[in-house]
Amino acid sequence: MLRIAVTGIPGIGKSTVVAKAAEKLADQPGFKIGGIQTAEIRKEGQREGFSIMDLATGKTGVLGSIRESGPRVGKYHVNLEDLEKIGANALRSAMDCDLIVIDEVGTMELKSEAFVSAVKVVLESDKPVLAVLHRSSSHQLVQRMRREFEVLVVNEKNRDGLPGKIANRFREMR
């Protein structure tokens with residue numbers, strides 16, 4: 001079973017690499033992708049937070065925002081309700097998929113025990129996984145994933161070619 005994680009400095013394009021790789025795989029007939037994807041929420045050019053989306057259903061919510069209440073990570077407040085209703089549920093319901101995407105296992109997501117538990121369920125399965133890992137987290141779950149996954153560091157030189165390389169690796173696995 002193939003498990004790949006991407007990591008790198010903030011803003012380098014980790015989520016973009018994973019999204020583009022997943023897009024390439026989704027073009028294959030009968031290839032079902034589940035899990036979660038995050039994206040920036042911007043207003044007038046300023047980042048105000050992050051959204052979270054269930055890849056199977058398209059359901060979207062707010063992961064963190066400068067306008068929310070909840071546990072604080074930097075200037076953002078984590079929306080535990082959406083993280084658990086959308087994020088944790090998406091991971092639990094992705095067990096019938098050909099690939100589970102987890103974007104991201106980072107500081108905000110790790111504030112939710114339900115999310116951590118859902119990631120552990122995925123890790124205990126035999127499912128292929130493509131994940132984004134926080135670059136410097138010392139959290140036990142992130143450290144486990146670093147040990148168990150092939151970890152690719154995204155940088156300016158490799159980020160354009162990585163989506164195709166990652167997609168090809170998962171295609172070869174089928």
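A Cβ is built for glycine as well, from the same backbone N, Cα and C atoms used for every other residue.
Taken straight from Swiss-Prot:
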BINDING   8-15, 99-106  ATP binding site
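Projection of Swiss-Prot feature records onto the structure.
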residue: GLY8; record: ATP binding site; DSSP (3 states): coil
residue: LYS14; record: ATP binding site; DSSP (3 states): helix
residue: LEU99; record: ATP binding site; DSSP (3 states): strand
residue: VAL105; record: ATP binding site; DSSP (3 states): strand
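Taking a C-beta cut-off of under 8 Å and a sequence gap of six or more, VAL101 (ATP binding site) has these contacts in its own chain: VAL18, ALA22, ILE33, GLY34, GLY35, ILE36, GLN37, LEU55, VAL129, LEU130, ALA131.
Of the listed binding-site residues ILE12, LEU99, VAL105, the Cβ environment within 10 Å is emptiest of other Cβ atoms at ILE12. With the fewest other Cβ atoms inside 10 Å of its Cβ, the least crowded of the binding-site residues GLY8, PRO10 in this structure is PRO10.
Other C-beta atoms found within 10 angstroms of the C-beta of ASP103 (ATP binding site) number 27, with every protein chain shown included. In sequence order, VAL6, THR7, GLY8, ASP103, GLU104, VAL132, VAL154 are the residues of the chain that are 6 or more apart from LYS14 (ATP binding site) and have a CB within less than 8 Å of its CB.
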